[in-house]
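Asks: Here it is, the structure, as structure tokens.
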Amino acid sequence: MAWTPPLLVLTLCTGSVISSGPTQVPAVSVALGQMARITCQGDSMEGSYEHWYQQKPGQAPVLVIYDSSDRPSRIPERFSGSKSGNTTTLTITGAQAEDEADYYYQLIDNHATQ
């Protein structure tokens, strides 16, 4: 019997304050140590803020990426974010067991808050 590496299941949920919500893949499975990519497509606009949060069962959400690609200092370097056109991507390079969680994408239209 061949050895199969354990899989992590990363679930994506979204939140948005714009009228047309983003679309996304509902779940991603990845083997330990492999790269995981979670993408969202939405009607982002200049001046909007895009954030990614990680939430584990029974815990509060933790900001892992802000302004599309910036990472808080306490977040491991394996987490990164990127944006191309209207697609925003969260990448986990070398996924670890502790990365199994729900991931939330948030798009905030800065014009709506002024």
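Cβ coordinates are placed from backbone N, Cα and C, and glycine is handled just like the others.
Checked Swiss-Prot, it gives:
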type	residues	note
SIGNAL	1-19	signal peptide
REGION	20-40	region 'Framework-2'
DOMAIN	20-114	domain 'Ig-like'
REGION	41-49	region 'Complementarity-determining-1'
REGION	50-66	region 'Framework-2'
REGION	70-105	region 'Framework-3'
CARBOHYD	ASN86	N-linked glycosylation site
REGION	106-114	region 'Complementarity-determining-3'
Asks: Of the residues in the region 'Framework-3' (70-105), how many are helix, strand and coil by DSSP?
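Replies: The composition, in the requested order, is 3 helix, 17 strand, 16 coil.
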Asks: Considering every residue in the region 'Framework-3' (70-105), what is the mean pLDDT value?
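Replies: Mean pLDDT across the region 'Framework-3' (70-105) comes out at 92.
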Asks: Please report the number of other Cβ atoms within 10 Å of the Cβ of the residue listed as 'N-linked glycosylation site'.
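Replies: I get 12 for this one.
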Asks: What is the three-state DSSP composition of the domain 'Ig-like' (20-114), stated as helix, strand and coil residue counts?
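Replies: Residue counts in helix, strand and coil order: 7 helix, 47 strand, 41 coil.
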